[in-house]
Structure formats: structure tokens, C-alpha cells
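Report on the structure given below.
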Amino acid sequence: MHKILVRSNHKPLIGKIKINGSKNAVLPIMAASLFSNSSITLHNVPDLIDVHLMSELLKSLGAEVNFICNKDYKANHTLEIDCSNINNHLISHEIASRLRASFLMLGPMLSRFGRVSTVFPGGCNIGKRPVDIHIKALEAMGAKIEIDSCNITATTKGKLQGKEITFEKVSVGATENIIMSATLAEGVTTINNAATEPEVLDLIEFLKIMGANIEVNNTKITIEGVEALNGCEHKIIPDRIEAGTYALAAIITDGELKLEGVSLSDIECIANELKTIGARVELHDDGIIISRKNGSIKSAHVATNPYPNFPSDMQPQLMSAMSIAGGISIIEENVFESRFAHANELRKLGANISIEKNKATISGIKSLSGANLHANDLRSTAALILASLVAKGETTINNSHHLWRGYEAMHEKLNSCGADIFVSS
């Protein structure tokens with residue numbers, strides 16, 4: 001079992017941190033590489049467990065994947081993908097059960113080969129994230145989908161058909177899946193109430209470079225099917241969640257961090273909320289500098305919602321900061337159910353948090369104390385590390401393997417700025 005030991009030295013974090021490419025952008029783009037018979041080259045790819053799992057999935061289908069990974073975490077990584085020899089429609093059940101993004105292969109495989117078999121996807125256990133919305137939309141486009149226990153088989157006779165699809169609820173994954181499904185469909189597909197996160201727009205940009213015909217008008221996305229897509233090169237956008245996490249590390253420790261490779265426009269919806277709790281944001285040509293303005297962290301009332309609002313993936317980290325804020329803070333979680341598991345662990349550090357349905361009330365205290373903690377998912381692991389940076393004494397975070405699904409070399413980056421973090425397997 002992976003463990004992370006954090007020794008609080010009560011030092012403000014000061015230094016520079018390079019922000020890697022976005023995990024939530026690169027995974028759907030890797031799935032979209034299935035469309036092309038030519039080579040795909042992706043730059044600014046993060047070295048993460050989920051990227052390696054998606055690479056293994058592509059290889060299991062017959063693709064050639066070459067991850068050019070620099071040992072220096074400060075360097076950029078490149079991923080080369082060639083799907084010209086895909087010879088298998090069965091997505092590995094073992095890998096798919098561990099990787100939620102595997103479900104994004106459904107649309108590309110169905111569009112290109114007319115058949116795909118997989119299982120319900122895995123990933124973080126943070127409540128219900130049903131795939132019914134994906135399935136209903138694909139069925140509307142002409143797919144026949146059979147579900148047997150945890151197994152899913154999708155087939156189509158000929159091409160998928162363009163349709164007008166309106167999502168009852170905004171869904172990033174479903175939006176991405178249907179965009180990809182529609183690129184080679186016959187006719188025009190319109191998605192209403194579509195997700196427009198930067199990661200979705202990066203996927204669209206990638207598909208357009210490949211030759212797709214896609215237009216975005218607010219939350220309406222129109223895709224006109226084309227005959228084929230080509231190979232291309234593409235640079236993955238910066239990871240706004242990683243940037244937001246390190247921004248909070250600066251605020252929590254009353255330090256000053258320069259986040260390199262990211263601009264304010266990349267994290268504007270996050271930065272706006274951080275300013276309400278007392279963050280100072282300075283713009284530079286090669287990044288942004290985050291620090292705390294004056295005195296203690298301020299309390300706030302924050303609600304998570306689809307983009308362009310505050311993202312759910314930043315909620316656990318924000319709760320860590322609010323644990324030592326002045327006054328009473330409230331967080332409303334409106335995206336995922338059961339995303340307050342980290343609150344129980346923060347309480348072990350002394351945090352004063354009460355939960356009622358989708359609302360967390362945090363009464364800020366002056367200081368936290370080290371404890372033995374158990375991580376539940378990716379973002380809660382990051383949140384516990386942030387809180388441990390200012391908890392008196394030592395904190396051990398067990399089950400911390402989740403962290404490497406979304407953060408490359410987090411302990412090294414923080415240690416280079418003054419933290420004292422040790423990782424053991």
C-alpha cells in the first residue's frame with residue numbers, strides 16, 4: 001500500500017512549479033486517435049497512471065504506442081500513436097474496470113469498426129456517475145447496445161446517423177463521446193446543453209486538425225460527419241486542476257509560487273474563487289504567481305457547477321484551505337454525489353466540518369495537527385497533502401496511490417519549494 005509522509009515545517013512554499021498537460025484533455029484525445037489510420041503525435045503529455053493505462057488499452061487493440069517520457073519531471077513528454085493496425089474490438093475488461101476514461105473509446109470504436117465490447121468503466125469512487133446518458137445518445141444515433149451484467153456490446157449496421165441530441169444534464173464524458181461518435185456519422189449531429197469545459201474544446205480542436213467539421217455556439221455543438229480523419233500533431237492544454245491545486249498550496253502555507261506554463265485564462269474560473277478567499281494573482285509572460293494577500297485565509301460560500309463555474313475537481317482542495325480560514329465557509333457540491341469523503345479525514349487533523357446532503361459547513365480553526373489518514377480518491381489525496389503541509393507534526397496518508405492518476409511528481413514539485421514529503425510503496 002502506498003504511503004505519503006508529510007512533515008510540517010511551517011515554512012511558506014516559495015519557488016517555481018511547472019504545470020503539466022491536462023489529464024482530462026489527453027485521455028479523450030488518446031481515445032480519438034482511434035479514428036486515424038495515420039500517426040498521431042501528442043506533446044505536453046503528463047506522465048500519469050491513467051495515461052499509461054489508456055496506452056495499454058490502445059496497444060491491446062493493436063495500436064502502436066510510444067511514450068517518449070523524460071526522466072526530468074520539469075521536461076515535456078511526447079506520445080506517438082499509430083492505430084492503422086487495429087485488429088480487435090474487445091476492450092480489455094481488466095484495464096477498463098480501472099479506468100473510467102475507457103468508456104470514451106465506445107464512440108470511436110463504434111464509428112470506425114461498427115462493433116465494440118467493453119465493461120462498465122472504473123476510476124474514482126465518488127458516487128454515481130451513470131453512463132446511461134452516453135448509451136441513450138448512441139442508441140438515438142442508430143447503435144444497438146446490449147448490456148449483460150457489467151458487460152456492454154455495441155454494434156451498428158453501416159454508419160451512425162446524425163441526430164439532434166439534448167442532454168438533460170450537462171455531462172463532460174457524454175459530450176466528448178457523442179462529439180467523437182458524430183465525426184464520422186452520416187449527416188449532421190447537434191448536441192444541446194453540451195459541456196464546454198476547456199478539455200472538451202481541446203478535444204474539438206484536435207478533431208478539427210484531423211479534419212472534423214465541428215462548430216461550437218455556447219452550449220450548442222454541431223458536428224457534420226466527414227468520410228475520414230487524418231493523423232496530426234497536437235499540444236495538450238495545461239492542467240487547470242493541477243494549477244489550482246498548487247495555487248492553494250501557496251495560499252495555505254502563506255507562500256508564493258510561480259506556476260509556469262499556464263495563463264490566467266486557463267484557470268480563470270478557479271482563480272476568481274481563490275481571490276475571494278484572499279489570493280493575489282500576478283500575471284507574467286511565462287506563467288502566474290500566486291500568493292496570499294494579507295493575514296488569514298478568508299471564509300467564503302462556494303458552489304461547484306459545470307464550466308464556467310468552480311469545478312468539482314477543486315472542491316476537496318478548497319475544503320483543506322477553508323479548514324484554517326477565518327470564519328465559517330460553505331461548500332455546495334452540485335456535480336457529483338458522495339464527494340465529501342475527504343471531510344472525515346480532515347476531521348482527524350482537527351478540522352471542524354459538518355455535512356448535510358450536498359452542503360459542507362467548515363468552521364475555520366487556527367491550526368491542524370498531524371494524524372494517520374486514509375485517502376479515498378485522486379483529488380481527496382491532493383487535498384489531504386495540502387492540509388498536511390500546515391498540520392503540526394507528521395501526517396501519514398495511506399492508500400495514496402490515487403495521487404499518481406492525476407499528478408506527476410507532486411512530492412518532488414512541492415519539495416523543491418520547501419515542503420518535506422516522503423513517498424513509500
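Quick reminder: no glycine exception, Cβ is built from N, Cα and C everywhere.
The secondary structure of ASN24 (phosphoenolpyruvate binding site), as reduced to three states from DSSP, is helical. What Swiss-Prot lists as phosphoenolpyruvate binding site is LYS23, ASN24.
DSSP gives VAL335 (UDP-N-acetyl-alpha-D-glucosamine binding site) a coil state; it is part of no helix or strand. Counting every protein chain shown, the number of other Cβ atoms lying within 10 Å of the Cβ of VAL335 (UDP-N-acetyl-alpha-D-glucosamine binding site) is 23. The UDP-N-acetyl-alpha-D-glucosamine binding site annotation in Swiss-Prot covers ARG100, LYS169, VAL170, SER171, VAL172, ASP313, VAL335 and rests on sequence analysis.
According to Swiss-Prot, the feature active site, proton donor maps to CYS124.
Annotation source Swiss-Prot lists 2-(S-cysteinyl)pyruvic acid O-phosphothioketal at CYS124, citing sequence analysis.
Each of the binding-site residues LYS23, ARG100, LYS169 was scored by the number of other CB atoms within 10 Å of its CB, and the largest score is that of LYS23. With respect to their backbone Cα atoms, LYS23 (phosphoenolpyruvate binding site) and LYS169 (UDP-N-acetyl-alpha-D-glucosamine binding site) stand 23 Å from each other. Here the Cα atom of VAL335 (UDP-N-acetyl-alpha-D-glucosamine binding site) is found 16 Å from that of ASN24 (phosphoenolpyruvate binding site). Note: the Cα of VAL170 (UDP-N-acetyl-alpha-D-glucosamine binding site) and the Cα of ASN24 (phosphoenolpyruvate binding site) are spaced 16 Å from each other.
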